[in-house]
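First comes the structure, then the notes that go with it.
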Amino acid sequence: MTTTRIPVLAARGLVKTFGRVVGLDGVDVDVYAGEVLAVIGDNGAGKSTLIKCLTGALVPDAGTITADGAEVAFRRPQDARDAGIETVYQTLAVAPALDVASNLYLGREERRPGILGSVFRMLDTPGMRSRAEKAVRDLGIDTIQNITQPVESLSGGQRQAVAVARAAAFGSRIVVLDEPTAALGVKESNQVLALIERLRENGLGVILVSHNMPHVWQVANRIHIQRLGRSAGVITPSSHTMAEGVAIMTGAAAA
Amino acid sequence: MLGLTTDEPGGAAAELERRRRAPAQRAQHLLHSHPALSPAIILLLTCVAFTLLNDRFAAPAALSLLIQQTAIVAALAIGQTLIILTAGIDLSVGAIAVGSSMLAAMLAAEQGVPAPIALVIGVAAGLAAGGLNGLLVTRVGLPPFIVTLGTLSVFTAVVLIYTGGQSVPGADLPDLLSWTGTTFPIGDFRLTYGVVIVALMYVVVGWALSRTAWGRHVYAVGDDSDAARLAGIRVNRVLFSVYAVAGLIYGLAAWVLIGRAGAASPNAIADANLESITAVVIGGTSLFGGRGGILGTLLGALIVQSFAVGLSLAGVDDQYRLLAVGVLVIAAVSVDQWIRRVRA
């Protein structure tokens, strides 16, 4: 945990417009290490736009983003990834026919040391498999028994676990999860929520975008409410009830 | 799903379902993890059957011929496999290979360009033609089918205009260009240097596909290009490289083609497009991308050619070869669909 309370990721005055449509209208957000910040809001409130700006999928028109106090400019997702920010997309972004280990290392494969790697470009498949196995074990994901099985043979919750494991294995600052429980049943949702808590225990900052209020109130430390492209306030599960949160989200009440 | 989740078996119904589905599941997983398995079995059965019909099929002479005849389609089908793995298709295969062979042959025979330089220019033309396909697919964003349908006509026309429809006879060709047709003995077998070149191409591309990050990205792009992009893979760069590498492969295949034919003709390998796609499909590579490999393609090409050699040795009309190949193609795609269905 940080003692100085410098946010691991912070944004000030983010603006993003799409033609005449205003996606973000000057939004501030702070995420600290070892906390789960939930982002809630109605459809069109700017949740996705905010997340995309924080993960490099969109470039904001105005505003600044800082990582551990230093200003950063994300022009593409790879930039955010290089800064230790990993995203679990709603579509999961896994290649179904590839196995679990290949998916964990997709886009950042590691090569064999020496001439096999440098000249013959040979992948370090055994190394990646064992490290993938360790990453999965460290997260306590016991539902994935075989790291060499193709992802398409997994259930929805297991696929989600693969995507979360990938983010956790490479994210050194922040893991962003976009609607991670939307497609899951009760049991699988609970497994993913347990994973989120484990990421927090490991000292990562977690941004959780969700429509599911019980899930948000269950795991979030703080809740950022988006409304009409602006921040309508930041609350905590103890300061406000779910109903009060929803009231702020819909504009029926002020924060 | 079964045997892979941690969910407890539900009860009698689940148990019955498990028992009923287990063999199919196992077969599906076997075929999934070894896509070359079904073409290997088919090739084995084909060879056994033709040997029973006429034992000359298994003689070194016939097998040597089989391998030599397979070489060109097998070479072209490597490039076709790469493109189909990315969920694309290449209809300009034959046109590029013929173009490369005619360019090298005309430069050497009529412009007096030294043979090695003519050969390099010919192969480079294949690379450039493949690169053009790649640019049109990635930059202009056209579907591969349309791009290569267009370049098929364009390349064919350019070659006919450039050559005036005339062949370059073998007597005019420098030794280097027809070197690929030179045979050498291995025991009772007679192979050509062209066969060795094709074998080397299989080794190199096979390595690249299975052992390098590039290979894994080719599969990922074909499997789900959106997922690949979000995972940080530069999808367009991968796609472009696949089309360019395919063009290079066609250029090298053109060299093998000159040696095999003993001359360079603008009307050679008219069926190359369909034959290369047939080899890929029978070889178990999915037309939907992301699934398959070049070992299967090699087996697929051998299956098609073994039908040609075996049926002619058995004294059967060549039309039956077409019939058998047609049935095989449909069967192969059915198996692919089945693999995709059972997993769900």
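Glycine is no exception: its Cβ is also placed from the backbone N, Cα and C atoms.
Pulled from TrEMBL:
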TRANSMEM  B:36-53  transmembrane segment
TRANSMEM  B:59-79  transmembrane segment
TRANSMEM  B:91-109  transmembrane segment
TRANSMEM  B:115-138  transmembrane segment
TRANSMEM  B:145-165  transmembrane segment
TRANSMEM  B:191-209  transmembrane segment
TRANSMEM  B:238-258  transmembrane segment
TRANSMEM  B:295-314  transmembrane segment
TRANSMEM  B:320-339  transmembrane segment
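In this chain, the transmembrane segment (B:91-109) touches the transmembrane segment (B:59-79); three or more CB pairs sit within less than 8 A of each other, excluding pairs fewer than 6 residues apart. For the transmembrane segment (B:295-314), the partner stretch with the highest count of Cβ pairs under 8 angstroms, out of B:36-53, B:115-138, B:145-165, B:191-209, is B:36-53. Using a Cβ-Cβ cut-off under 8 Å and counting only residues 6 or more beyond its ends in the same chain, the transmembrane segment (B:145-165) has close neighbours at 88-92, 94-96, 98-99, 102-103, 106, 129, 132-133, 136-137, 266-267, 273.
Tallying C-beta pairs under 8 angstroms between the transmembrane segment (B:115-138) and each of B:36-53, B:191-209, B:238-258 places B:238-258 first.
Beyond the ends of the transmembrane segment (B:36-53), by six or more residues, the same chain brings 30, 282-284, 293, 295-296, 299-300, 302-303, 306-307, 309-311, 313-314, 328, 332, 335 to within a C-beta distance below 8 angstroms of the stretch.
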